[in-house]
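Take a look at the structure set out below.
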Amino acid sequence: MSKIRVHEYAKKHNISSKDLMTKLKEMNIEVSNHMTMLDDEVVNKLDNEYQTEKPSVADEFEVEEKVVRSKKNSNKKKKKGKGNEDKRQENFAGRQQTQTVETPDKITFSGSLTVGDLAKKLSKEPSEIIKKLFMLGIMATINQDLDKDTIELIANDYGIEVEEEVIVSETEFETFIDEQDDEENLKERPAVVTIMGHVDHGKTTLLDSIRNSKVTAGEAGGITQHIGAYQVEVNDKKITFLDTPGHAAFTTMRARGAQVTDITILVVAADDGVMPQTVEAINHAKAAGVPIIVAVNKMDKPAANPDRVMQELTEYELVPEAWGGDTIFVPISAIQGEGIDNLLEMILLVSEVEEYKANPNRYATGTVIEAQLDKGKGTIATLLVQNGTLRVGDPIVVGTTFGRVRAMVSDIGRRVKVAGPSTPVEITGLNEVPQAGDRFMAFADEKKARQIGESRAQEALLAQRGEKSKLSLEDLFQQIQEGDVKEINLIVKADVQGSVEAMAASLRKIDVEGVKVKIIHTGVGAITESDIILASASNAIVIGFNVRPDVNAKRTAELENVDIRLHRIIYKVIEEIEAAMQGMLDPEFEEKVIGQAEVRQTFKVTKVGTIAGCYVTDGKITRDSGVRIIRDGVVIYEGQLDTLKRFKDDVKEVAQNYECGITIEKYNDLKEGDIIEAYIMEEVKR
């Protein structure tokens, strides 16, 4: 005979676990709790013990027969309908007694369970589960969801094992990625390098020096507006560079660059030192867990002080190798081209130490660096292949879009047929413009790729619809629900997706008390008539970044009086919107005490109330001021003046050292010695 637990034996013999444990103690058998295992010897002793106490079958039958007879006799005296109901209740009770439900050894669930569902799985009454939850301090109803910890707590109390089922999504790329690549299949790949740093410290100039080109002059305001990806060859080895904009407004783009990068080059100007965005770049690189190489730029300037840069960076745990640390510092002059070769050698050295590898013999996976809509070519996406090999003709799913790779162009504009790990390529053939930062995956079967792409698009659409319907409800009832809170609606259009994201992120960060920013629509490309119609319906301002409205959009905007703001520099946008938001705010007031008067005598007048004869001790009392009644240093009332008189004449104000008569609106409990403090509310300039 196998061992049995205390609670199982108790259930088998229709007794409570507590009574059984008491009985075992009487028999000098030690048990710690209801989960204790009972061996065969103890079970036999218990069987004998309960057998002696159990009534005989004949006795049970006799008792049962008497009960049945008595019930039958009593039923004769009742109405027929009532008797039938009692009989049904008896039969139901009988079935309940005879039906025994076994407690499961293990239950499974996914996500969460309601109290009712948990009771069903545990073969218990919901009321029993609710009672247990109450004892644990949890007030729950039968339809209330329980979290994983609570489910495990209740199940373990019954000695039942709990297992959570993980639902595998057919739209997640991880579902289709096989297990880790075997070491023998991994090959060396180029390092992906991101250049970061403060504005105007020379990030784009450094990249230009590496690529022997001058891009800086063509950018508006000296800002690198778009993320680009380039590949260079050094000593027969390749290095891939991601060019992330350095301004704080492009935090999202820079963070995305750090997620796909292997090495970060931190550019710090030797004459400026560490600046706010330098620290921000350090934090992004550290969060991504990538090695940092510090390029001390502008060494050709007379004010260059590399030692100060090193000293400042030690505060951020970037200690130079020369000072006993492990951070590589390379002095360079990007504009003169000095130190560039040394910097590239350091990148190759770090790559060699870190051993960056990937498996080229599989279908490609990677990240979207940039995406835009071209009139001639259609959707163009810049992809960084991170694992596997991408080939022309491969079915591909990119974010919520899908298609087949029609053509691939390298960073230097040449058509290529294959792209291995760490290679940036520009592809065409997608059905829609993906989001910058989206993951992509190539498939063997076009039908499967289409199915996954459509499913992902459907999921995104449902989520978007849910979000839109929620926002529209807030629009309808906003004034009722929020009252004084104002809101500014914006539509953001830009030339590329990266700029759209950066602009939206910057605008959402604007913090002006009392006003919210709501971006109701974003998009890539020219401002269209549909954008203007949406702006008109939503009372929104349209912001164009490096784009212009088409002819129809201009005409419609004039008819609908829609405000369109066009910019090429992001900071102009931020400043303009902040100003608009501050203008929309209700004026802010602060209190200013203008005078005090002491109550010298009081007079009670019928139909008027209490008149206080006062002496102005400080400042002045004005007719339109608010007042406080102060008695023994405690404010006992706050309200408005009703009348202010000198002798029998109404006056606008009474100055210091003059007497006056005062009545307070809706207040008559004035006493001699009270202090009347007068104040006004002044508008505060923002």
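For all residues, glycine too, the Cβ spot is worked out from N, Cα and C.
If you look up Swiss-Prot, you'll see 197-204, 243-247, 297-300 marked as GTP binding site. Swiss-Prot lists 69-81 with the feature compositional bias 'Basic residues'. Summarising the annotation, Swiss-Prot assigns domain 'tr-type G' to 188-357. The feature region 'Disordered' is assigned by Swiss-Prot to 53-105. Among the features that Swiss-Prot reports, region 'G1' is placed at 197-204, with the record citing similarity to another entry. The feature region 'G2' is assigned by Swiss-Prot to 222-226. Feature annotation from Swiss-Prot assigns region 'G3' to 243-246; the stated evidence is similarity to another entry. Swiss-Prot lists 297-300 with the feature region 'G4', giving similarity to another entry as the kind of evidence.
Residues in the region 'G4' (297-300) partition by DSSP class (helix H, G, I; strand E, B; coil) as 0 helix, 1 strand, 3 coil. Here the region 'G4' (297-300) has long-range neighbours at 201-202, 205-206, 267-272, 306, 331-336, 338-339, meaning same-chain residues at least 6 beyond its ends whose C-beta is under 8 angstroms from one of its own. Taking Cβ-Cβ distances under 8 Å and a sequence gap of 6 or more within the same chain, the neighbours of M299 (GTP binding site) are A270, P306, P331, I332, S333, E338, G339.
Around K203 (GTP binding site), taking its Cβ as the centre, 27 other Cβ atoms fall within 10 Å, counting all chains. Secondary structure from DSSP puts G197 (GTP binding site) in a beta strand. Confidence for the region 'G2' (222-226), expressed as mean pLDDT, is 40. Ranking the binding-site residues G197, D200 by how many other Cβ atoms lie within 10 angstroms of each Cβ puts D200 at the bottom.
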